């Protein structure tokens with residue numbers, strides 16, 4: 001029981017991070033029909049940004065947090081403006097290659113700026129681990145759960161209650177129809193980019209204390225986040241959350257009870273299973289017509 | 001008739017170019033790079049049949065490349081089998097895997113298909129990395145012997161260059177024949193509209209599966225040639241980035257064109273060699289080039305160059321007409 005709980009806690013910690021990355025994927029896919037293969041690199045930029053601003057420059061944590069998210073969102077804005085918007089014939093394969101090119105480019109930049117060594121960051125607060133039936137829950141995990149939950153609830157309110165959020169949803173359903181009703185669809189797409197990359201930065205920041213941060217950490221995180229998004233049903237906020245937690249927990253249990261060799265394979269086996277049997281994801285209907 | 005004649009002329013000119021290059025180039029580094037271009041051309045040719053003609057994306061093709069390389073490596077080193085016997089085994093295994101993976105995966109389309117193949121590619125990579133007793137794990141697999149036919153040894157760079165490029169020529173002829181056949185026309189109809197193809201009675205599922213298996217077999221062949229050329233393989237050569245690099249070769253060169261595959265493979269092989277001069281900036285420049293080519297020439301370089309020539313000719317003809 002104690003063992004099981006311990007695996008569950010570590011799985012939920014990872015799962016929360018996958019969930020935030022998945023939310024970023026989903027948001028962007030919803031309003032642009034684009035899968036951003038560079039998303040993992042924005043997560044990496046978030047983590048390394050925190051290393052610089054908090055650990056090296058010595059800013060207070062909240063300030064470093066906000067500045068990093070703003071900086072990475074700014075990079076997302078530039079990415080949309082310079083690379084995605086300028087494509088003359090936006091065929092999906094072309095867009096995929098551009099985002100892959102961007103991910104290599106960003107990784108190269110990060111290697112130049114932060115070097116090839118990995119960096120570490122202390123936890124957000126110096127509390128002792130909480131003891132629940134013999135299993136230890138790290139203080140950083142509590143931070144992660146709180147931040148992830150508040151981000152998702154804020155997003156939900158943004159989509160349901162604010163005019164901008166509703167306009168974004170309208171754009172996601174039909175760009176053309178939204179444009180006809182006077183919604184600046186192009187601006188909504190740009191906003192989706194900024195929010196999605198900002199979300200990536202949040203994931204990077206909260207993961208920084210529990211892992212080593214280096215220029216090549218983004219690829220695997222991005223792919224796992226993507227699997228989580230597909231698992232829950234891409235385009236859905238709650239789906240991303242469920243998919244993320246499910247993936248994290250299954251991964252932790254697989255590593256705990258079988259072997260650590262299969263850790264990375266679990267995500268992709270789940271991805272294949274979900275594609276074959278329920279392409280719409282767990283919570284959506286099996287409809288896959290939007291692809 | 002003219003098309004057949006034109007193709008024959010092309011094949012003869014390729015043979016001449018290959019023969020001459022192998023004869024003139026003596027520097028072993030250049031021969032090595034040219035051999036790698038040949039191997040990558042094979043990969044691009046196989047994937048091009050799937051992506052360019054049938055319109056099906058695959059982000060996991062490095063798996064078949066890896067299956068080819070590891071099968072021949074394991075059979076010829078661990079089990080002491082002759083490399084020429086392990087070649088059919090490697091191709092058979094990749095065909096088998098392609099069949100098993102293809103049946104459910106090819107029912108998907110668009111991004112979904114990309115993701116399905118991505119998942120498969122990652123699983124294959126993890127198998128290469130984690131199955132230590134067989135594949136040597138992350139530290140790689142060493143001591144794969146070079147090839148030879150009786151007294152003729154392919155240990156020298158020059159002979160290997162000839163071997164690889166004759167295989168490339170063979171596959172080019174094979175692809176050209178498939179494209180010009182009834183099957184090629186059916187494939188292009190799937191590319192344009194799968195529903196319309198179904199409506200005129202094409203068994204699209206079957207055809208997609210056949211071409212998927214064909215491209216997997218070509219990739220395994222490339223893996224076989226790669227393993228016996230470098231004699232050391234490690235999972236890093238068959239990861240997600242390699243799959244992406246293969247797709248990039250096809251797209252940057254220009255889809256649905258055999259010459260595009262050749263051009264794309266040459267560029268993507270030469271680019272890192274040239275970029276060594278930039279050392280630390282290598283990745284930055286590589287990523288930039290990928291983005292810029294796709295932004296400016298989304299149809300790929302071959303189409304881009306052809307369009308440019310056509311425009312120039314039109315403009316030239318236009319001014320002529322104006323003068324008259």
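Note that Cβ sites are derived from N, Cα and C of the backbone, with glycine treated the same way.
Here's what TrEMBL has on this protein:
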TRANSMEM  A:7-28  transmembrane segment
TRANSMEM  A:61-79  transmembrane segment
TRANSMEM  A:91-114  transmembrane segment
TRANSMEM  A:135-159  transmembrane segment
TRANSMEM  A:189-213  transmembrane segment
TRANSMEM  A:225-250  transmembrane segment
TRANSMEM  A:256-277  transmembrane segment
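Beyond the transmembrane segment (A:91-114), the same-chain residues lying 6 or more positions past its ends with a Cβ under 8 Å from any Cβ of the stretch are 33-38, 40-42, 44-45, 48, 51-52, 75, 79, 83-84, 214-216, 218-219, 222.
Between the transmembrane segment (A:7-28) and the listed ranges A:61-79, A:189-213, A:225-250, the one holding the most Cβ pairs under 8 Å is A:225-250. Among residues of the same chain six or more beyond the transmembrane segment (A:61-79), those with a C-beta under 8 A of the stretch's C-beta atoms are 38, 42, 45-46, 49-50, 53-54, 102, 106, 124, 190, 193-198, 200-202, 204-205. Non-local neighbours of the transmembrane segment (A:256-277) in the same chain are 3-4, 6-7, 220, 223-224, 227-228, 230-231, 247, 250; each lies 6+ residues outside the stretch with a CB under 8 Å from one of its CB atoms.
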